[in-house]
Amino acid sequence: MLDIQLLRKDLDGVAKRLADRGYPLDVAAFSALEAERRAIQTRTEELQARRNSLSKQIGAMKGRGEDTSAVMAEVGGIGDEMKASAVKLDEIQARLSELMLEMPNVPHESVPVGRDETENVEVRRWGAPRQFDFDVKDHVDVGTPLGLDFETGAKLSGARFTVLRGPIARLHRALAQFMLDTHTQQHGYSETYTPYIVNPDVLYGTGQLPKFAEDMFRVEKGGAENTVTQYLISTSEISLTNTVRDSIVEASALPIKLTAHSPCFRSEAGSYGRDTRGMIRQHQFDKVEMVQIVAPEASYAALDEMVGHAEAILQKLELPYRVVALCTGDMGFSAAKTFDLEVWLPAQNTYREISSCSNTESFQARRMQARFRNAQGKPELVHTLNGSGLAVGRTLVAVLENYQNADGSVTVPVALRPYMGGVERIDAPSSAA
């Protein structure tokens, strides 16, 4: 959530910056509500002052033995008007809050202005795409003989679900464990296990609600009269970040660096017809997430660090990738600045997103009331960051395509072999011993 003081001081400036990311801020509606709020507050202050004055007058009159009934009646009328004003003020505050919950974060000044992903800016590349001396297959054709089972996934759960069997399942597990070990042993993150089902207020905290309810899977528990609605997490960013909601941490505890491996559940509303083949876009997929909670002055250094942590995974796996700065029109709702990592997929002859690292500044913290005690001992909002480290399924796709061999086998990346019991190659059934 944006700082309401920023909106009050520079409404037109905020509107312009939000327009850069395609959000039309209703300046007239906000201004009208603010004007009404100020008028009610001013009137309430006048009534309070008048009531205080009359209360003193009543005391003096009683001391002189005078009749106070008329003044008492006026005080009663003031009280009734103040109660009505309080109700009206609550209504206006609720409407302001509703309006502000719909507003995305203001882009950082360094974010390139653009309409959509076509105007993102490439920052750097790492690794050269492998030159194959045979016809490259996509991950579906490579993986199906090795244990990718889309047919059974569809039979069990419908489209965009996959069953992994045998060596493919083991490789998938190895990737997740390798990522967690790298982040905890080399990058300073604390491994965390959190629930996969969360309450709605948690999703308000990180910005998925109210705007993106259609992207979430809802779950309900209880009888018809006592139904409680909860949601499956679309990323463990949600649960990890909310571990500091409604709290004040000491400055000495910062930065807090958390990582988790979890399934993620997304309805993929609005993605009909996109990436229908294979594992690129699934309703359920695994991801290793990185979250940092930091002091405000440290957040952009932390963003660069987090991007480096995601890059380290790809480099250890020797997968070519590029880093892209997202433009204003392509950033997520809560982000002030985002870098995407895109891995090379030879079958598509292009780079595809495998990680997104964002600094939300105080946007999520304000919604969660997540604070730290600053040098002056006063509570101050933290900054929160999140990043994929990495999407496990898409990393599996990249390994299958980049490490495929002409005979249908897949070479296991050196970094993963300790997690595969020393196995160096996954063989297709036709060449298995």
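Cβ atoms here come from the backbone N, Cα and C positions, even for glycine.
If you draw a 10 Å sphere around the CB of GLU237 (L-serine binding site), it holds 30 other CB atoms from the protein chains shown. Feature annotation from Swiss-Prot assigns L-serine binding site to THR235, SER236, GLU237, GLU289, SER388; the stated evidence is sequence analysis.
The ATP binding site annotation in Swiss-Prot covers ARG266, SER267, GLU268, GLU353, ILE354, SER355, SER356. In this structure, ARG266 (ATP binding site) belongs to neither helix nor strand by DSSP; it is coil.
Note: the L-serine site is recorded as THR235, SER236, GLU237, GLU289, SER388; in the same chain, ILE238, LEU240, ALA260, SER262, CYS264, LYS287, VAL288, MET290, VAL291, ASN386, GLY387 also have Cβ atoms within 8 Å of that site's Cβ centroid. When the Cα of SER388 (L-serine binding site) is compared against those of the binding-site residues ARG266, SER267, SER356, the shortest separation belongs to SER356. Residue pair SER356 (ATP binding site) / SER236 (L-serine binding site) shows a Cα separation of 13 Å. If you measure from the Cα atom of THR235 (L-serine binding site) to that of SER267 (ATP binding site), you get 12 Å.
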